[in-house]
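Peer 1: What follows is a structure written as structure tokens; I'll ask about it next.
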Amino acid sequence: MRSTLITDIAELTTVDPEGRVLTDAAVVVEDERIAWIGPAADAPDADDRVSVEGRAVLPGWVDSHTHLVFDGDRSAEFEARMAGESYAAGGIGVTTSATRAASDDRLAELVRGRVADAVAGGTTYLETKTGYGLTVEEEARHARLLAGLREEGLVDEVTFLGAHLVPPGRDAEDYLDDVVGPMLEAVREHAGWVDVFCDTGAFDAEQTRRVLAAGVAAGLGVRLHGNQIEQGPGVGVAVEFGAASVDHVNHLSDTDVEALAGTWTGWDRASATGTPGTVAGCLPACDLSTRAPLAPARRLLDAGIEVSLASNCNPGTSYTTSMNFNVGTAVLQMHLTLAEAVRAATLGGALGLRTQDRVGSLEVGKRADLHVLDAPAAIHLAYRPGMPLTHAVWRAGRRAV
Ligand SMILES: N=CN[C@@H](CCC(=O)O)C(=O)O
Ligand SMILES: [Zn+2]
């Protein structure tokens, strides 16, 4: 077992249950885990020693919502939106055509490049989805590709999103017969989660229930896209199914907020123990790129709901993997404190992936996922928006950047 002492940390944001922020701190990493955390002056000996020379360190970002398997360009659609058009689910079909035409090698290269960008920006745990295939063969091809990259340790969680859009030219019920039948059968060995875009122009409540029920029967965990375009049934269905996360949540009724809050009654936020409920996944870059009202993260936190921040990297609504940008935006525009935003982008994402016991905070025994900023304090993420602040990254105890 090889150990490394990472020392001369000006500010160490742990995101542990007490929310401790240590100054003049050090961390010892043993293989892929954190073995010790404390004042630099008390640090034990280790095989290797790395000084971060007065920089800030925080847990690596947990990006709990991305769509990285895609080809093609939708910048004209974005430009039209900036000139006043609204976002509509139909654009997914454009990416689907381009993605179907891409070879296995090209798709793998594209995903690898996007993952490399994410890691270079401090992301150490990453979920990603299918959803631009929309035939049995294509969804299976994308799920297989992602499972291969998970084997390699490049991505961490794979989600099946066959119910992203009814492909142009197909009848909805007939398509869903495929989704819950041969498509699910083909992807279930590759994916850990099932997801549905439950919104105007995509799938309604009954269709969503049908897909989620089939996914659960196939042994998959539940997550959902909901309440992005309009107030609708997404949050209600997510709660009904005990989803780990419902993401977007731009348009919420009081009943939606109460329903989400009700899922967190068995969770003790102060000690981060108990039974987690349905995380409200907020996607600030997507909200800006679609000119949607920013998800009400402040209101959700105040109601006792755990919130995550994720990049939602995809070509239609959020073409970025930058978690630094999302965290800065949450502080600047969504009225989260820095501590709340960092927690949402680390432990919040982990809760939404039910991996909070392994990742999402810097605690002894957890995976050594560390993000070193080129700044003395983490508040620089909001104070200097858009600056290249990621200095170094350790992922599972290995230097990745
Ligand atoms: N809203 C649904 N899915 C993606 C967008 C997909 C697209 O437009 O290509 C999202 O999460 O925003
Ligand atoms: Zn999405």
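Along the chain as shown, residues are numbered 1 onward.
Positions of Cβ are set from backbone N, Cα and C atoms, glycine also.
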Peer 1: Have a look through HIS190, HIS225 and flag the one TrEMBL assigns to the Zn(2+) site that HIS65, HIS67, ASN312 belong to.
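Peer 2: Looking at HIS190, HIS225, the one TrEMBL places in the Zn(2+) site next to HIS65, HIS67, ASN312 is HIS225.
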Peer 1: Considering the 4-imidazolone-5-propanoate binding residues TYR132, HIS164, GLN228, THR317 given in TrEMBL, which of ARG55, ARG74, ARG384 is annotated for that site as well?
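Peer 2: Record source TrEMBL; matching candidate: ARG74.
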Peer 1: Taking the Cβ of GLN228 (4-imidazolone-5-propanoate binding site) as the reference point, list residues of the same chain whose Cβ is under 8 angstroms away and which are at least six residues distant in sequence.
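Peer 2: Long-range Cβ contacts: ASP199, GLY234, HIS248, VAL249, ASN250, HIS251, ALA292.
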Peer 1: Other than TYR132, ASN314, GLY316 themselves, what residues in this chain have Cβ atoms within 8 Å of the centroid of the N-formimidoyl-L-glutamate site's Cβ atoms?
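Peer 2: Leaving out the recorded residues gives HIS67, PHE70, ARG74, GLY91, ILE92, THR95, GLY131, PRO315, THR317.
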Peer 1: Quick one: give me the count of other CB atoms within 10 A of the CB of TYR132 (4-imidazolone-5-propanoate binding site).
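Peer 2: For TYR132 (4-imidazolone-5-propanoate binding site), the count of other Cβ atoms within 10 Å is 31.
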Peer 1: Nearest to THR317 (4-imidazolone-5-propanoate binding site) by Cα distance: which of the binding-site residues HIS65, HIS67, HIS225 is it?
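Peer 2: That would be HIS67, nearest by Cα distance.
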Peer 1: Tell me which binding-site residues (HIS65, ARG74, TYR132) have a Cβ under 6 A from ligand 1; sequence order is fine.
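Peer 2: None, by Cβ distance under 6 Å.
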